[in-house]
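Database features, via Swiss-Prot:
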| type | residues | note |
| --- | --- | --- |
| DOMAIN | 95-184 | domain 'Ig-like C2-type 2' |
| REGION | 258-280 | region 'Disordered' |
| TOPO_DOM | 16-198 | topological domain 'Extracellular' |
| TOPO_DOM | 220-280 | topological domain 'Cytoplasmic' |
| TRANSMEM | 199-219 | transmembrane segment |
Amino acid sequence: MWFLTTLLLWVPVDGQVDTTKAVITLQPPWVSVFQEETVTLHCEVLHLPGSSSTQWFLNGTATQTSTPSYRITSASVNDSGEYRCQRGLSGRSDPIQLEIHRGWLLLQVSSRVFMEGEPLALRCHAWKDKLVYNVLYYRNGKAFKFFHWNSNLTILKTNISHNGTYHCSGMGKHRYTSAGISQYTVKGLQLPTPVWFHVLFYLAVGIMFLVNTVLWVTIRKELKRKKKWNLEISLDSGHEKKVISSLQEDRHLEEELKCQEQKEEQLQEGVHRKEPQGAT
């Protein structure tokens, strides 16, 4: 029973956040920014185990920054890349791909991959926050939203149909189109594996372990019993041989005694025959 209890304690509950894994958040919350802009990455852990020292990685290489916040001032193209972080004994975070752009207009988003049902916020951002009007948002080359004055666009609940390539355009002194074209992916919901499945799985493993143990013990006892039985047969066989040998010896002695008695009788008869002759 203790074995099954231990197995049940190992059962993971799907749908819960891994509280020991670091998570990167951005301020402002966009993964694409213009050159010379400032962006700060924060390394956060819900339940931080052990030491709170922080390590940052850019394109797989450890950086010299050891604080929970990684601040980039006056961003340049060299700051583009894949960022990860780790705090103390936490697991390393999922990567954040930061892009630094040049141009007059930029379509910004907080992530490039979303789970179905999550909100998607888009921002058509002008260089140095210049005023832009008659803003159009495009998906897969087709305009789908118009704002007379620049405004952020929020899709409250994303679904698979929102997958595609996005960009924006707007008017300033001239007609501008966003620098770079961003591909955004909406992943379908993955149904969590029910807890009962894990319980049944570990229960089956426990039963298999128990059955194997019982079989092993049974086979071991059977082997010991057979070994003892063979030994007893061997001993009995040896005893029978000794008894037979003893009987054979007794028979041989009896035969010798009979022969001896017969010889004595013959001698006595010979003596009796000689006595009458002497008397005559």
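Residue numbers in this text run from 1 along the chain shown.
Quick reminder: no glycine exception, Cβ is built from N, Cα and C everywhere.
In the domain 'Ig-like C2-type 2' (95-184), the DSSP tally of helix, strand and coil residues is 6 helix, 54 strand, 30 coil. Regional average pLDDT for the topological domain 'Cytoplasmic' (220-280) in the model is 65.
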